[in-house]
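Scroll down for the structure; my scribbles are underneath it.
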Amino acid sequence: MRSPVNIVMRKELKDALRDKRSVMAAMSYAFFGPLLMAVAFYVLISQLTDTSNVKIDIEGAEYAPAFVAHLERQGIVTRDEDWPAGQQPITLAIAPEWEDNIATAQPAKVTLTADFSSQKQRTDIRRVESAVENYTRQLSYIRLQMRGIDPRITQGVDLVKHDTATKGSKAAILLGSVLIFILLSVFFSGMNVAIDISAGERERNSLELLLSQPLTTEQLVWGKALAASAFAMFGGILSAVLIPFIFKFLPLHEIGISIVLAWPMILLIMLLLVPLALLATALQLFVSFRAKSFKEAQTYISLLLMAPMLVVFGVEFARVKNQILYYLPLTGQHQALLDIIKGESLQWGAMAVSAVATVLVSMLLLRLISRMLSSEKVVFGL
Amino acid sequence: MIEVKSLKKSFGKVTALDGLTFSAPEGQITGLLGPNGAGKTTCLRTIYGLLKADTGEALIDGIDANLEPLAVRKKIGIFPDKFGLYERLTAREQIAYFATLHGLEGDAGATAVQNVISRLDMDAIADRRATGFSQGQRMKVALAQAIVHRPKHLILDEPSRGLDVMSTRILRDLLRELRDQGTSILFSSHVMQEVAALCDQVVVVAAGKVAAQGTPTELCEQTGEEALEEAFVKIIGTDEGIAA
């Protein structure tokens, strides 16, 4: 005889596959997430590698023609057209005393006015700054040499930078944000199905009859959890497969990054996502079996989704480093994925521990749900 | 044989069942008649183990649903208070789902499902998805789910609510047929006519207790009334919550 878990899972899968909304939801997140990242990176890269002239307002250019010529050689030119709406002008004002200051070897005053917090103009401002600094350095060298002093005297320390960042580890910073998408796709993709088979069952009044059938609540919950996590996994696999493809089409080499994700590594990523898919589903079922309607469950679950996002983003941006992260559910998978992408040596032991921990937590949650469904208070909302 | 022995159940301060005792023997249709809120649904839910009685027991063939819920549920077919269909499954798939949960698989399962579909005259809708089914069609699917595994005991909670004449007839014919095959049938109702037309035995429930018990004729004799409706009103002392 087939196990009731199997019967329930097959039925839920059949039911969910016919629900276009669930299938679309599972696909779209896994699909559009990486795509969105691709577009963002494309814009970022083209901004970083932009070599066109920076056009700014230069006031008092007539006082310092040599300086302005220097700026022009560095690609900083006077702006003819108006600033686009919503963009603060970048203005470089040269003081009228320029000539005197240069002649008497005083610091010549140049004022740079701009919105320094502007994300878009950051590179432009940076380029103006470095062009000015460049000119200053040249000027001081000349002044020292004219006084018979070795210009190197101003250099107390000669800092030689050896960049040990491999191409892979530079990529890691970029890919860190992509990882978040892969991890979260597991949480998003199974969501609709999870709600439909729990809160939906209650909403369409089929829960009572189902609970009166000859199967334990444990079997029922497992059957449902496996069906929903199959959807979650599907989303995870889709995004994991898509991401290396998308990176192939991005001009990453232009910013000195190379990402090589071999297929065995992608398979490993998928394998790591399996326990996470179960956890995601268990969490969602735990919340939405308590809800009385689809809508109520959606509200709870969107709040619940904040949790993994906060954890992953928190670890990512706060740059938390602790060995414990390798062993815990969710952060364990996150760290392992980071290592895979950085091309660092993998901690197989830690990977196994976090996988087991994830499965254990999921099993505990599913046990709790089964208990819940055996309680008349929860079932009938007494 | 369904036996209910001095069941007590309260929800907070509300007492739903207050020492309810009756039995539904094989080959008989037992009607649980009572006004709204008398505790009919609570009683049925206790029998199939969804609710736990405070004291007393409900037995199916001598098995307590609170102790061995799975053993009990294998023996019964349920037509619940609320039945929802899976809108994206066809009628046949829904019935087959419940058949497999009762261990009917493969050819045996398919045959059982087809039999019940033919019996309920559902061939026309069998392979349509449940979206758009009428109330009568929905009732048929729910009924088919309840009897597909040929249970020895059938429990129905207000089965005829919302049904038209034709559907009600199909339901009654089916119940009589199953009774003649030796099934013990217990159903709750607050519709007098239905109980009078169908039941071999009537258990009148009011305020969680058995107010009277017997065949419809016996009830009339006990109260000295001609019509069951009058007898009923006399028994429970009010005509509140009763449909003629």
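Cβ coordinates are placed from backbone N, Cα and C, and glycine is handled just like the others.
No curator has checked TrEMBL annotations; they are predicted automatically.
Among the features that TrEMBL reports, transmembrane segment is placed at A:21-45 (among others).
Below 8 angstroms of C-beta separation, residues 12, 16, 19, 21-22, 25-27, 29-30, 33-34, 37, 41, 227-236, 238-240, 243, 252, 257-259, 269, 273, 276-277, 280-281, 284-285, 288, 291, 294, 297-298, 301, 305, 308-309, 312-313, 316, 330, 333-334, 337-338, 341-342 of the same chain, each at least six residues beyond the ends of the transmembrane segment (A:171-195), sit close to that stretch. According to TrEMBL, the feature transmembrane segment maps to A:171-195 (among others).
According to TrEMBL, the feature transmembrane segment maps to A:225-247 (among others).
Annotation comment: TrEMBL describes A:259-287 (among others) as transmembrane segment. Outside the transmembrane segment (A:259-287) by six or more residues, the chain places 168, 171, 174-175, 182-183, 186-187, 190-191, 194-195, 197-198, 221, 224-225, 228-230, 232-233, 236-237, 240-241, 243-244, 247, 252, 297, 300-301, 304, 307-308, 329-330, 333, 336-337, 340-341, 351, 355, 358-359, 361-363, 365-366, 368-369 with a CB less than 8 A from a CB of the stretch.
Among the features that TrEMBL reports, transmembrane segment is placed at A:299-318 (among others).
Residues 217-218, 221-222, 225, 272, 274-276, 278-279, 281-283, 285-286, 289, 323, 326-333, 335-336 of the same chain lie 6 or more positions beyond the ends of the transmembrane segment (A:348-369) yet place their CB under 8 Å from a CB of it. The transmembrane segment annotation in TrEMBL covers A:348-369 (among others).
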Residues of the parent chain within Cβ reach of the transmembrane segment (A:225-247), under 8 Å, 6 or more residues beyond its termini: 5, 8-9, 12-13, 16, 22, 26-27, 29-31, 33-35, 37-38, 178, 181-182, 185-190, 192-194, 197, 259, 261, 266, 269-270, 273-274, 276-278, 280-282, 284-285, 362, 366
